[in-house]
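Student: Please see the structure below; I have some questions.
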């Protein structure tokens with residue numbers, strides 16, 4: 001074996017990876033890089049245009065043996081990474097649900113990463129735990145949650161990464177609560193309930209918690225009820241399981257479903273669940289953000305009868321990913337289920353039982369200082385600004401909905417909910433026109449047999465997204481393929497919405513023209 005070739009001179013970074021001056025120099029460069037990115041973000045195709053595997057072709061097969069400069073690395077970020085990004089912060093981004101960023105959120109994240117504390121219990125970093133408890137009570141007050149969900153009452157809140165974590169945590173606590181009563185040997189009798197619009201993370205969480213997939217119930221919704229869960233249908237499903245000797249124990253209601261932002265009737269569903277002694281969780285991942293506005297607060301009426309409530313601040317609250325806020329009425333149910341107390345974590349503060357050890361409120365042990373960025377957001381912008389920020393997106397979505405209704409080729413599939421518009425090229429206005437055009441050439445019947453409205457709308461969406469000027473996604477609900485236009489990017493303004501609609505109209509005209517030509521000329 002040969003000896004290593006040690007250079008006599010080395011940079012401060014090589015001798016000290018946390019050299020303060022080198023951190024300052026490189027930090028300024030990264031901030032400048034991001035500032036230019038945001039300044040020029042509209043120049044990029046919103047949806048990445050690269051092909052699968054593009055990056056492996058550009059990067060070396062092995063990690064570098066010698067250090068590389070930050071200048072070289074940032075150049076590669078610009079040349080190789082940025083082209084592979086879908087630009088969620090673009091003002092022309094309307095896909096999925098938003099992930100709204102802000103200066104305060106980004107800098108709060110930077111502070112948290114800089115401190116790099118691991119706040120699994122109080123003693124490991126008291127400020128991390130205490131700030132989280134305070135901020136969660138602030139947010140509860142903004143949402144007008146019952147005192148029973150706050151630390152000033154008998155409950156409390158915790159920040160997690162995602163809704164999936166929040167639901168898994170609550171299902172696990174609810175599972176243990178019921179099994180402590182009926183015996184753990186009966187776990188295969190436990191049944192969970194959602195609707196056919198409930199987010200997939202619910203059933204994924206139930207599976208991880210050991211609930212048999214055979215015991216997942218998806219209550220059917222319909223367009224008549226705007227795809228919200230019907231209490232009578234829920235009761236019928238629960239009673240059927242009880243009659244079969246099964247044990248209903250968990251209901252997940254949704255305020256703002258992913259597909260259409262449908263709102264389940266929380267109060268009525270809680271009444272049904274109460275009759276069977278079930279744990280009720282309210283998943284308000286998207287729409288819960290808007291419920292700090294008084295005009296939307298009624299959407300979560302009935303929360304006082306639920307056991308837990310969560311929303312994702314990283315979606316629509318100017319707070320960078322990740323930050324899911326979960327409140328529970330009975331924190332002891334989490335602690336009993338998730339507590340760990342090995343010798344190496346024992347300390348006097350925990351022994352006093354006067355502090356919160358958040359490790360016992362979650363699945364993982366390690367945890368990030370998420371409350372710091374939320375604290376910066378709340379202090380930097382204030383409640384009034386945040387409310388108006390949310391309202392501006394709702395207003396822009398209402399404007400887009402109006403534009404859709406003014407074009408006879410399109411229809412709004414379900415009434416706009418919050419800042420999401422679900423629309424499509426309509427059957428009556430489009431298919432009939434195509435049929436009439438082709439019928440004159442003797443091809444009308446062939447069109448009706450071979451082409452579907454869903455195909456036309458899918459082609460429209462792909463045409464729009466491939467152009468790169470705006471980005472939307474779709475949903476398929478009750479057999480209806482629809483385009484989703486979700487307003488929520490921080491930089492979006494009304495003129496961007498107008499531009500987006502013009503893009504949709506132009507691509508619709510092109511798609512319909514191609515359809516007519518391909519059918520009538522065959």
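Cβ coordinates come from backbone N, Cα and C, glycine included.
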Student: The pyridoxal 5'-phosphate site in Swiss-Prot includes 163, 164, 258. Which of 92, 116, 312, 341 is also listed there?
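Tutor: Given 163, 164, 258 bind pyridoxal 5'-phosphate in Swiss-Prot, the matching entry from 92, 116, 312, 341 is 312.
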Student: Given the recorded pyridoxal 5'-phosphate site (163, 164, 258, 312), which additional residues of the same chain have their Cβ within 8 Å of the Cβ centre, ordered by sequence?
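Tutor: Going along the sequence, the neighbours come out as 162, 166, 167, 199, 201, 283, 285, 286, 324.
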Student: Determine, to the nearest whole angstrom, how far the Cα atom of residue 315 (N6-(pyridoxal phosphate)lysine) is from the Cα atom of residue 163 (pyridoxal 5'-phosphate binding site).
Tutor: 11
Student: Considering each pair of residues in 163, 164, 258, 312, all listed as binding pyridoxal 5'-phosphate, report the largest CA to CA distance in Å, no decimals.
Tutor: 14
Student: If you average the pLDDT over the repeat '2' (135-186), what number do you get?
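Tutor: That stretch averages a pLDDT of 97.
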Student: Tell me, how many other CB atoms lie within 10 A of the CB of residue 163 (pyridoxal 5'-phosphate binding site), whichever protein chain they belong to?
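Tutor: If we count other Cβ atoms within 10 Å of residue 163 (pyridoxal 5'-phosphate binding site), we arrive at 23.
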Student: So, by DSSP, how many helix, strand and coil residues make up the repeat '2' (135-186)?
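Tutor: Counting residues per DSSP class in the repeat '2' (135-186), I get 34 helix, 5 strand, 13 coil.
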Student: Based on Cβ atoms within 10 Å, give me the single least packed residue among the binding-site residues 258, 312.
Tutor: 258
